[in-house]
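Student: Right, I'll just put the structure down here and ask away after.
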Amino acid sequence: MPALRPALLWALLALWLCCATPAHALQCRDGYEPCVNEGMCVTYHNGTGYCKCPEGFLGEYCQHRDPCEKNRCQNGGTCVAQAMLGKATCRCASGFTGEDCQYSTSHPCFVSRPCLNGGTCHMLSRDTYECTCQVGFTGKECQWTDACLSHPCANGSTCTTVANQFSCKCLTGFTGQKCETDVNECDIPGHCQHGGICLNLPGSYQCQCLQGFTGQYCDSLYVPCAPSPCVNGGTCRQTGDFTFECNCLPETVRRGTELWERDREVWNGKEHDEN
């Protein structure tokens, strides 16, 4: 068999490279759509094809979601997608490293590790940080034991830490370093008007009014039916300077006496207290 000329060999090789279709190559054919996720099959001049993927998809058949669609790369890193695998890697900016570029080669969070006692360091900028402390610790670098952990503030007060000490913000009516002391409002005269008697209560006080006066400070004249004490639509009728009776609606007559008696007991008790 005569040897083939070099020129003929090159011509045959070029023809094969141009027109041969590998057995595994993607092909676009009528009635067959290899591309998924709304990808479009495009044919090359040699008969092979490829899938032109819509935004958000990649891969030979557009079968992968674009892993860079939600860029996980931190600190200015660039997401680089591997289309065939549907995976991505981060190309980090100068000064950062790690799978997601989350580590700085010079930031205090990773060089000096300033957060103590198990605290977590968060980068705020290239050289500033903030520590999230474990329960029981406080301070810029979680260096102090939380003085509020023992709940030193009493009577519903609010505890705040200042350095390694605590400070209590007391509710009205209490005082002291730990808000443990009740303020006796009755030590200051003038709270109760028209001869009312001041009664000290925990964190507050109450005025016991003389007959004929009412209100928080005994500052209002008492009128038995203003406002009406009668319930369920009953009508109040004043029977004396400081007494009343309730006239009930017909549908509540059967239980009206019971309601009236209960209200009268409450009123009589209140009237008795005010005497």
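Numbering starts at 1 and runs along the chain as displayed.
Each Cβ is built from the backbone N, Cα and C atoms, and glycine gets one as well.
These came from Swiss-Prot, pasted as-is:
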- C28-C41: disulfide bond (DISULFID)
- C35-C51: disulfide bond (DISULFID)
- C68-C79: disulfide bond (DISULFID)
- C73-C90: disulfide bond (DISULFID)
- C109-C121: disulfide bond (DISULFID)
- C133-C142: disulfide bond (DISULFID)
- C148-C159: disulfide bond (DISULFID)
- C170-C179: disulfide bond (DISULFID)
- C186-C198: disulfide bond (DISULFID)
- C192-C207: disulfide bond (DISULFID)
- C209-C218: disulfide bond (DISULFID)
- C230-C246: disulfide bond (DISULFID)
- 26-63: domain 'EGF-like 1' (DOMAIN)
- 105-143: domain 'EGF-like 3' (DOMAIN)
- 144-180: domain 'EGF-like 4' (DOMAIN)
- 182-219: domain 'EGF-like 5' (DOMAIN)
- 221-258: domain 'EGF-like 6' (DOMAIN)
- N46: N-linked glycosylation site (CARBOHYD)
- N155: N-linked glycosylation site (CARBOHYD)
Student: Counting only residues 6+ away from its ends, which parts of the chain sit with a Cβ under 8 Å from the domain 'EGF-like 3' (105-143)?
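Tutor: Distal contacts: 75, 95-97, 149, 161, 163-164.
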Student: Reported as an integer number of Å, what is the Cα distance between N155 (N-linked glycosylation site) and C246 (disulfide bond)?
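Tutor: Per the Cα atoms, N155 (N-linked glycosylation site) and C246 (disulfide bond) stand 42 Å apart.
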Student: Find the shortest Cα-Cα separation between C186 (disulfide bond) and the disulfide-bonded residues C51, C207, C246, and name the residue that gives it.
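Tutor: That would be C207, nearest by Cα distance.
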Student: How many Å lie between the Cα of C159 (disulfide bond) and the Cα of C230 (disulfide bond)?
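Tutor: One finds 46 Å between the Cα atoms of these residues.
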Student: Using C-alpha atoms, which one of the disulfide-bonded residues C28, C68, C90 comes nearest to C246 (disulfide bond)?
Tutor: C68
Student: When you tally the Cβ atoms that lie within 10 Å of each candidate's Cβ, which of the disulfide-bonded residues (C73, C121, C179, C207, C209) has the highest tally?
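Tutor: Comparing the disulfide-bonded residues C73, C121, C179, C207, C209, the most crowded Cβ belongs to C209.
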Student: Could you break down the residues of the domain 'EGF-like 4' (144-180) into DSSP helix, strand and coil, giving a count for each?
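Tutor: Result for the domain 'EGF-like 4' (144-180), in helix, strand, coil order: 4 helix, 14 strand, 19 coil.
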